[in-house]
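Since the structure comes first, as structure tokens, the remarks are kept for the end.
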């Protein structure tokens, strides 16, 4: 640091000394003078640091010029007693001590020595102040010019770099254009062939392949229906296609014969149809199960695995295939295809805002890269894997806040009175850009209260970018297409607070984590309850988040809200292949919860009457239950804890049914229900289905469920998932001292009723109960 790099004002003489100086030795004459307490303080530190753009903030110039005043050499003890001049040097004793054949001793205290000690202490304080100033300046530099090596904890350093809402990524420095190098550019472009590729804007366009074997095209009416489904679902979050242009090419595809389109575009075409079929409003049937698999297979066949000249269509096809595989619960396959999408995007230079592009193509390049970024961050957090994209490499502007139908080659033109933006890509980007800080902060065993508060505050700012109806405290009906983008926000919040469930945290910290996770789960149930048809447009991420929320609601007795989530999962059902596995896990958890409640009730009843609040706290501290509600946190090799221990149980040593055998033998994963659900035929049947699961949840509220006090009977009209606007809000409660293992009667307020959300003094946490 600046202060430490300057020379020390108390440098000792370089000459070696044979005398035995101890800590009480006074400074020698070679030392520079030090001001005493009566002298003025050292000159102020000057701060002056230049940025590349010419502005200035602090730079340490070090201390001022040294003082040239001299001081008398210290006298030895013998000379001080006789009050004679001491002529001792660094190497020899004084003449008085030499005549006595003894060494000089310097042990007696003097006011001058005590004054020097005080000066050293003052200087130490100044050094600490300089260090603090350095840290502040480094923080300022980090906020202005990107990350620097600040003296902060890694988690805190990442939180200090949370991107503000709407801020553009930091642009990289580029060389100024040089018009005199026109001939050099032409020569380099021509003679570099076969050696290296110029940056994407300066390459020769890749030749389109028109003689590719075109598979059988679906009927035009079916294509129109699937395109409409695509535009109403995936395109509202990831508008990576300029639909007017794409629709015109589709019409030409069916009008012209032979078709004159590239293999990359044909792959993109089938990938779009596959995505549309996954979000089709048709009820699930055998045909709807196999249709996306057929279309994805066609998209794969149109790709050349040895292609060395990628186009934007290639990148878009790869990212859409990745999203489709994720929705079909083939996550490992999706992770592999994501790697291809990232590398192709980097090969095309999508991550860098370089060169000039036509308006439409430039905007589609930006949207494609940010879509790849979102998929990378989301899959990494879900699967517990490292991210593929570094934030420092993202040198590309945020997408324009206009829909693609208003993008033209001559610019962006929005008619008067029209809504310019209806897609949610920007809102999702603001959320997902914080995933980097979230993941880095979770490297620590325990997240501090300050870290939790910082990220929570940032997520609240992200929520403000959504329409007002997306606020959990709102009472108006919520359109179903908002649930999928909101899942990115609530997914991150749940992961944040779930981290402190690990055994590395103290009991109080783990209870606080359960409480915070319940708050997220209750808000999720509130959003689902206000959605007329939550299954429409439901993604695998939304399904998984509702599943995680249900676990916490069941653990803490919010059965009314848990049933709301279970009914939403039942409505999604076969639309997302992961839903069936979630239902089976929930059935197992409810069964385990019944057994655990009986065990804890019997244990507590030995000491006193069973208090519902005590039972609630006891269940929330049960190690086995906490492992179950942590769910896919146990998929991460760094965050999981159930696999640690002396007993290493290898699943390879256990015999069992082979996934993919039987009916699925000979099929690839796209067409295998065993691969897409992860369950065998027997496992898909044994848990009993959604109706049985809801009945089991309701049985938790029965008076015979080990509660010492009678509970209210279940309501005759349970909360429905579908509702008309305006709807009643699900009251977002916190932990209280009243039993919640009962499905309470809910009073439906009038359309103008104001929802009551318990906050402030009404909030009672588990810690307060204890």
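Including glycine, each Cβ sits where the backbone N, Cα and C put it.
TrEMBL: automatically predicted annotations, no manual curation.
The coiled coil annotation in TrEMBL falls on one of the ranges 57-84, 85-112, 113-140, namely 113-140. In TrEMBL, the feature region 'Disordered' is placed on 704-728, out of the ranges 679-703, 704-728.
With DSSP classes pooled into helix, strand and coil, the tally for the domain 'Zn(2)-C6 fungal-type' (75-106) is 11 helix, 0 strand, 21 coil. Taken together, the residues of the domain 'Zn(2)-C6 fungal-type' (75-106) have an average pLDDT of 81.
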